[in-house]
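Here's the structure, in structure tokens; my notes come after.
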Amino acid sequence: MLDTGELRERFQQHYGIHPHVIVRAPGRVNLIGEHTDYNDGFVFPVAIDRATCVAARPRTDRIVRVMAADLHDEDLFSIDQIERSNRAWHNYIRGVVLALRTAGHTLSGADMLIASDVPRGAGLSSSAALEVAVAYTFQVLNRLNILGEELALLAQGAENTFVGVQCGIMDQLIAVFGRADHALLIDCRDLTYRAVPLPPSVAVVVCDSHIARTLAASAYNQRRQECDAAVRALQQWYPGIRALRDVSEDQLAAHQHELPEPLRARARHVVSENRRALQGAAALEAGDIATFGRLMNESHASLRDDYQVSLPDIDFLVTTAQSLAGCYGSRLTGAGFGGCTVSLVERSSVETFRHDLAQAYHDATGRTATIYVCRASDGVGRVMDNARPQE
């Protein structure tokens, strides 16, 4: 957990004055429903207790100054002249400010200091946490009236258009609407959601493989293009469909031999994953943890074989986790090509599970995994207001 008191003091040291506000936006781990959000589908994430915090004060001019405490790097730009930077982290912030300006919001400049304990490049949505935290900070400093849904869409738009990653809406929505001790079943078409309590007897265990992947440079955008191509191909038989979310498994099976690879496999994953997300949420609501775990295992097999976003070392982590006592299910989480796995584990077995998984991974690969239990947390909000902690 980030120490907001320390963040306040670091802001004071850097800018010579205390911050007006400190905002926190969480990372996320998706329990099931992977690569479905940009297909108008269903996802089932939790906001986690790792977050990005922004300490900030308003300025009287139109200049934005940003210090990234973790990177020991700075950015400075004018709200009136926002251009792309050759520093990747700059563009997430600049893109959000540009999105707010383009939406017609009146903005003043700001001095900001940013810190995060969401691992970068691990698939826990460090980028969305940053985008949402920055957007919410500007909302607070400028007394804007932006609904949570609009805030998430602005943040997503910044990543799509300014950063150049065609992400879906899940990461930004869970960063905004996350609820402590709950997962959210989100409909990524109409942006409605339902909070589902997490059973207290199980723990959400995340394993960071330390196989880093840069989302913008990966095959993520290619997968999205393949899904769009699959929709266009299926529209010759089903002209009413707008996205793979509209296709049933029976409809896909009826024309699977007429759909070329890899489009057939990509569509098969998305269509079946939507079913698994809905069934998984219903299973947890009913207290059927075993069924949820089985669906997690099926999800990973689909990501590995049909969506082809896993790697051999990730598969090793997943199959090892699935074999350990107390583990109900395990899968790749996030965009893939490295990053993290998520497992649902009986609380009484967590410490043995962590030790055995870390040991097996190190023995097999020589790498040291970081394994931690995630607590489902609330979405974006203020943790300090006018330099005072929130009650």
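From the backbone N, Cα and C atoms, a Cβ is placed for every residue, glycine too.
As the structure is a computational prediction, the values presented were derived from the model and not from experiment.
These features come from Swiss-Prot:
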- ARG28: site 'Transition state stabilizer' (SITE)
- GLU34, HIS35, THR36, ASP37, TYR220: substrate binding site (BINDING)
- GLY121, ALA122, GLY123, LEU124, SER125, SER126, SER127: ATP binding site (BINDING)
- SER127, GLU159: Mg(2+) binding site (BINDING)
- ASP171: active site, proton acceptor (ACT_SITE)
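Annotated features taken from Swiss-Prot, shown on the structure.
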residue	record	Cβ neighbours (10 Å)
ARG28	site 'Transition state stabilizer'	34
GLU34	substrate binding site	30
HIS35	substrate binding site	27
THR36	substrate binding site	29
GLY121	ATP binding site	17
SER125	ATP binding site	32
SER126	ATP binding site	24
SER127	ATP binding site	28
ASP171	active site, proton acceptor	29
TYR220	substrate binding site	21
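The number of other Cβ atoms within 10 Å of the Cβ belonging to LEU124 (ATP binding site), over all protein chains shown, comes to 27. Non-local contacts of GLU159 (Mg(2+) binding site) by the CB criterion (under 8 A, 6+ apart in sequence, same chain) comprise TYR92, GLY95, SER127, ALA128, GLU131, VAL165, CYS167. Nearest Cα neighbour of SER125 (ATP binding site) among the listed recorded positions (ARG28, HIS35, ASP37): ARG28. Per Cα geometry, ASP171 is the residue among the recorded positions ARG28, GLY121, ASP171 nearest to HIS35 (substrate binding site). Separation of the C-alpha atoms of SER126 (ATP binding site) and ASP37 (substrate binding site): 17 Å, rounded to the nearest whole number.
Residues GLU34, HIS35, THR36, ASP37, TYR220 are recorded as binding substrate; their most distant pair of Cα atoms lies 13 Å apart. Each residue contributes its Cα atom, and for ASP37 (substrate binding site) and ASP171 (active site, proton acceptor) those atoms are 9 Å apart. Here is what falls inside 10 Å of the CA of ARG28 (site 'Transition state stabilizer') among the recorded positions GLU34, THR36, GLY121, LEU124, ASP171, TYR220: LEU124, ASP171. For GLU34 (substrate binding site) paired with GLY121 (ATP binding site), the C-alpha to C-alpha distance reads 17 Å. Over all protein chains present, the Cβ of ASP37 (substrate binding site) has 25 other Cβ atoms lying within 10 Å. Apart from GLU34, HIS35, THR36, ASP37, TYR220, the substrate site neighbourhood in this chain, defined by C-beta within 8 angstroms of the site C-beta centre, holds GLY33, TYR38, ASN39, GLY41, VAL43, GLY168, MET170, ARG223, VAL270, GLU273, ALA335. Between the C-alpha atoms of TYR220 (substrate binding site) and GLY121 (ATP binding site), the distance comes to 13 Å. Cα to Cα, GLY121 (ATP binding site) and ASP171 (active site, proton acceptor) are separated by 14 Å. Between LEU124 (ATP binding site) and THR36 (substrate binding site), the C-alpha separation comes to 16 Å.
In the three-state DSSP assignment, the secondary structure recorded for ARG28 (site 'Transition state stabilizer') is strand.
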